[in-house]
Amino acid sequence: MDVLKKGFSFAKEGVVAAAEKTKQGVQDAAEKTKQGVQDAAEKTKEGVMYVGTKTKEGVVQSVNTVTEKTKEQANVVGGAVVAGVNTVASKTVEGVENVAAASGVVKLDEHGREIPAEQVAEGKQTTQEPLVEATEATEETGK
């Protein structure tokens, strides 16, 4: 019977040793799996961050392009508006001058320049000013 007990004792020790080795193997595999999952998660995070950064750069570049195009168009429209306003203002001034001259409110000399009211009252209807070609410089300075 001792032999039988001894045999069971060896078997028991073998099973315990096998169970311990299996447990250690499972723990090692679980640790490696956990590390693998962590590595995969880190790589995924890096990939997502890279894609996010590239997307952000693309959006910023697109916004900057749209901003520049909008500024260019605003400048074009602004220039056209200024030119239009200047044309309207010039035509308005011409119209007022024509109405004033036609109604007799203002007297003009032979060159189309206004004769001051004092000279009209005194009978002097000529001016002593030399003729000056109208240019932007003369219009700005008034000379």
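Keep in mind that glycine also has a Cβ here, set from the backbone N, Cα and C atoms.
Secondary structure by DSSP for the region '5 X 11 AA tandem repeats of [EGST]-K-T-K-[EQ]-[GQ]-[VA]-X(4)' (20-78): 59 helix, 0 strand, 0 coil. What Swiss-Prot records for 20-78 is region '5 X 11 AA tandem repeats of [EGST]-K-T-K-[EQ]-[GQ]-[VA]-X(4)'.
According to Swiss-Prot, the feature repeat '1' maps to 20-30.
Positions annotated as repeat '2' by Swiss-Prot: 31-41.
Taken from Swiss-Prot, the feature repeat '3' applies to 42-52. Under 8 Å from some Cβ of the repeat '3' (42-52) lies no Cβ of any residue in the same chain that is six or more residues away from its ends.
If you look up Swiss-Prot, you'll see 53-67 marked as repeat '4'.
Per Swiss-Prot, repeat '5' is recorded for 68-78.
According to Swiss-Prot, the region 'Disordered' annotation covers 113-143.
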